[in-house]
Amino acid sequence: MNICSGLEFSAFFFLTFSRIICQHWEKRLRSLQNEQTEAHHQRMQRIAPPPKRFNYEKYLEILNHGPMRNKASKKVIIVGAGMSGLTAGRLLKQMGHNIKIIEASDKVGGRIKTFRHPSGWVGELGAIQILDCHKLVLSLIRNYSLNIVPFQRTGSRNFLFMNGIRLRESIFSLKKNPFKLDFTKEESRYTVSELIQMYEEAILDDLEKLDWKKAMTYMDSFSVKEYLENCCNFSEAAIQQILFCMNFEGLSYVSMYELIRMMFSFNIEYPQVVKDGLDNLPRKISEDFANNTILFKAKVQRISDRKTYSCVHYSINKSTEIETECAEYVIVATSIAALKIINFKPKLDVKKQRAINNMNFESATRIVEKFKTPFWESEGIYQGDITTDWHTGSINIPGRQVERSLIYGGVGEGRTTHLLNGLSELDLIEYHLNKLSTLFRKKVKTVFDSGVVYKWLNDPFSLGGFSLCLPKQCSNDFNKNLKKSSGRIHFAGEHTSDSHAWVEGAVESGIRVALEIQKRTD
């Protein structure tokens, strides 16, 4: 054996032995991690989810089997044809009331906005997924026989991209400080999974000490970032890492109350999507109404409340002429931002107006891109999220059951998306394609087919994306004031619900206001 072949053999032996050792310890680490994760999961399972602030079974029963009919028929005007307004209108119609819906845009669905490309592909520009625990929305979907398919959010071969470093999901969680951040010496001893588990264990410790009402009031006193700083004592770098992994970097200032509810929602099953477009749901509901029930392109300027009736004053097609329609009751089912610019006469009480003015309303930007070929499959990625630290947020690949060659390229939410508003649609798609080229290490422009961008902050009707509480906005009278009626005027919308930012919250609020009016008219 000559020297060269001996060195080659030694190198081969060393590399093979090293690989065996690494594989052994990787399996051992995974085994330990799985044991810890399982114990952590079991601990979470022992804690019941946060209680609803309404009779959930009653709401579900009403959706499935219909409400009781009222003895007296009343006229009800609903401002807004989003999911809260449509749900309220559907139930009130079943109760026997006369319904009129006034909608500022030219479509139903509100922040449900499905894009249909001339070539046939479909993408969601607004609400996308429905969680398994969102039984109210799923009940409506079943009632209208809509086809739903799984919306995968994870994949072991999917990438995470942060600080210029790309890692597989299956690898990064086992690494210590995988993205080379400025961790403390103590934090550097732990893997990403261990850091996240420490955070969640701190939350579980607090939840186990108190009943749910006290626990949620306590959690509502912190923002997500404040809790990580003050209750977990993490450094700025560790906080950045944890928020990145949780897809919460752009929302670090919202109340911990919101995060707790999300924790227990996403801990159940995979989400679902409506295969042929979520806009089919509001469209189907609207078909239950008689012709001329919904008045489109009518912008409400003022709502006046009298002793025995209320009136809605609106303009059609941007006309300067004001038209008026009156009814026994009015439901305002707009977004919280749209509600802020409606004038009320007499004025709403001070506490309610303060809650409306101060409720946090988030921005959201959607980028949907269609490619000639699903180039990500060559990397072994078929569906799920790719988490990035880009301003456009994470990527979702809906997969073969939804649309094989489609990418939800911008699911960016929160204040980070404000930076995107100055870019044109073409510039934003160009920016994102360049980012994808860096991530996948190939020129993806050569297989790009078409795309669309929607910036909800620029939407002239909703004026933003969704509501999420800031600290001290969820657990006290602030929430009660948002949903409280004022004379003959009632208020709906996801901002008045327990499920902020979800279609489920809009449906929940629509049921609530319908029951409020039913109670007043019995």
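Using N, Cα and C of the backbone, Cβ positions are placed for all residues, glycine too.
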Among SER84, SER119, SER475 - the residue TrEMBL places in the same FAD site as GLU103, ALA104, VAL300, GLU494: SER84
Distant-in-sequence Cβ neighbours of GLU103 (FAD binding site), under 8 Å, six or more positions away: GLY80, ALA81, GLY85, ILE294, LEU295, PHE296, LYS297, ALA298
Of SER84, ALA104, VAL300, GLU494 (the binding-site residues), the residue whose Cβ has the fewest other Cβ atoms within 10 Å: ALA104
Max CA-CA distance, Å, over listed FAD-binding residues SER84, GLU103, ALA104, VAL300, GLU494: 19
SER84 (FAD binding site) - helix vs strand vs coil (DSSP): helix
Secondary-structure category, per DSSP, in which GLU494 (FAD binding site) falls: helix
